[in-house]
Amino acid sequence: MSFDLASRLASRRAEDLYRQRPLLESAQGPDVVVDGQPLLAFCSNDYLGLANHPEVIAALRAGAERWGVGGGASHLVVGHSGPHHELELALAEFTGRPRALLFSTGYMANLGAVAALVGKGDTVLEDRLNHASLLDAGLLSGARFSRYLHNDPASLAARLDKAEGNTLVVTDGVFSMDGNLADLPALAAVAQARGAWLMVDDAHGFGPLGASGGGIVEHFGLGQEQVPVLIGTLGKGFGTAGAFVAGSEELIETLIQYARPYIYTTSQPPAVACATLKSLELLRRESWRRQHLAALIARFRHGAEALGLTLMDSFTPIQPILVGGSRQAVALAGMLRARGIMVGAIRPPTVPANSARLRVTLSAAHSEAQVDRLLEALGESWRQLSSSLLAEIEAEEGDDA
């Protein structure tokens, strides 16, 4: 029996869905070198510009000198070091919750939390546009799994009325491909009224959102009662690596006992925890980063709308430009790259069919001049793409004549 991998790959290519890894040959930042080409990048999730911050680098270096490089073992054996513990305490205080628990990746945090809380005989309900890790977690948990309409409390309520056992409602805080926010106050009210727990993965909210960078929960003024399970990642707004779950004493102890991705994984390097402690300090202290980022977002949206581009309803650093077809999105990204601009083309199955887009992401490390350069390149590339499509249509009509 053959797996016929060649045919599967050929099909991906034919559908303009084949993915390749760009090779980054520089540090993260607005100005990068990718595959040997200097580019101005608008595709990183380093929203506050902390990934290459000198103080964060110094903290990582000092942590490696003091604690070594590897975690050495799982947290439950001998891998839970001083910096890990200190970071968990700091994240608990930052989120206003009794406890926090570190995970090596956001994917693992989501898998671990969902599977530890629900199983056979229970129910997990998720937004249909949730991140793949959340959807995988629901499917793998063994619980009855259903998706409600995107950001629709009424759709959620209808599914909650049919739920069985312990019920977990799961949503992204900021939707990673659209940039819009979950309607947390309404979702929380619906969940509470029916005795369900709400779990929020705020991977893209921590850092940019909230007065102190506390994310979507701080943005809406909600607490642990409304959102019992709060997930955050450290590789985006924090600029380092890893993830955490914040919640009650009982929640965190339950995860330590039952979350398999936590139990059976080597801890992250303690030096990374040292770096994250410094980035957390900067995230909270330097509010100018959020203010500058908000100004850049407004500048970009104003300029893009003036160009006639189709934007999505987002005031976050994620600013998608809806294109439609996968081939057109890839072509537009290529035209930008020829002008020295790097923006990711996002295609199905990451997004629904016929909704391919350019996913522009802005950072506090960008300048106004760099945003203006992006807008200029977008205008030129969009006109070029429109001319190419018109020429193709005319050629097809000529063939049919």
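Here, residue 1 is simply the first one shown, and the rest follow in order.
Backbone N, Cα and C define each Cβ position, glycine as well.
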Pyridoxal 5'-phosphate site partner of Gly106, Tyr107, Ser176, Thr233 (as recorded in Swiss-Prot), chosen from His53, His75, His204: His204
Same-site substrate binder from Arg8, Arg12, Arg13, Arg19, given that Swiss-Prot records His131, Thr350: Arg19
Number of other Cβ atoms within 10 Å of the Cβ of His131 (substrate binding site) across all protein chains: 23
Cβ-Cβ neighbours of His204 (pyridoxal 5'-phosphate binding site) (radius 10 Å): 28
Residues Gly106, Tyr107, Ser176, His204, Thr233 [recorded pyridoxal 5'-phosphate binders]: greatest CA to CA distance in Å: 14
Cα-nearest neighbour of Thr233 (pyridoxal 5'-phosphate binding site) within the listed binding-site residues, Arg19, His131, Thr350: His131
